[in-house]
Amino acid sequence: MSLTDILSPSDIAAALRDCQAPDSFSPKKFFQISGMSKKSSSQLKEIFRILDNDQSGFIEEDELKYFLQRFECGARVLTASETKTFLAAADHDGDGKIGAEEFQEMVQA
């Protein structure tokens, strides 16, 4: 399964266009534009599984850096400050990584 099986390719493209400039990425805005914030819990679990590149059950800082590229190969890499802000916003238990439940809470917030 791919992200375009769950999210509209045009919504993904619009979300990526919105954050093309370095330091313009806002997770909340990205989730809204891409349509992720309207998805069911089971759909968000599937999206999380796709984004969890190493299938560890967590999205770590190294994976977050390439978050946009999971949606489109040519998308930019998140800046260090964007990555840290994204991680801090979702990592509720302070373990330095985002679990599936933390991800779902962040997307649906």
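Keep in mind that glycine also has a Cβ here, set from the backbone N, Cα and C atoms.
The domain 'EF-hand' annotation in TrEMBL covers 39-74 (among others). Residues 1-3, 6-7, 12-13, 15-16, 19, 25, 83-84, 86-87, 96-100, 103-104, 107-108 of the same chain lie 6+ residues outside the domain 'EF-hand' (39-74) yet bring a C-beta within less than 8 angstroms of a C-beta in it.
The Ca(2+) 1 binding site annotation in TrEMBL covers Asp52, Asp54, Ser56, Phe58, Glu63. For Glu63 (Ca(2+) 1 binding site), the count of additional Cβ atoms within 10 Å of its Cβ stands at 18 [all protein chains shown].
The domain 'EF-hand' feature in TrEMBL is assigned to 78-109 (among others). Distant neighbours of the domain 'EF-hand' (78-109): 22-23, 25, 27-28, 31, 36-37, 39, 41, 44-45, 48-49, 51, 57-61, 64-68; these residues of the same chain sit at least 6 beyond its ends, with a Cβ under 8 Å from one of its Cβ atoms.
Under 8 Å, Cβ to Cβ, and six or more positions away along its own chain, Lys97 (Ca(2+) 2 binding site) finds Phe58, Ile59, Glu60, Glu61, Leu87, Asp91. Residues or ranges marked as Ca(2+) 2 binding site in TrEMBL: Asp91, Asp93, Asp95, Lys97, Glu102.
Counting only same-chain residues six or more apart in sequence, the Cβ atoms lying under 8 angstroms from the Cβ of Asp93 (Ca(2+) 2 binding site) belong to Gly99, Glu102. With DSSP classes pooled into helix, strand and coil, the tally for the domain 'EF-hand' (39-74) is 19 helix, 3 strand, 14 coil.
Around Asp54 (Ca(2+) 1 binding site), the same-chain residues at least 6 positions away in sequence with a Cβ under 8 Å from its Cβ are Glu60, Glu63. Taking the C-alpha positions, the distance from Asp52 (Ca(2+) 1 binding site) to Asp95 (Ca(2+) 2 binding site) comes to 16 Å. Annotation for the binding-site residues Asp52, Asp91, Asp95, Glu102: lowest Cβ count within 10 Å of the residue's own Cβ, Asp95.
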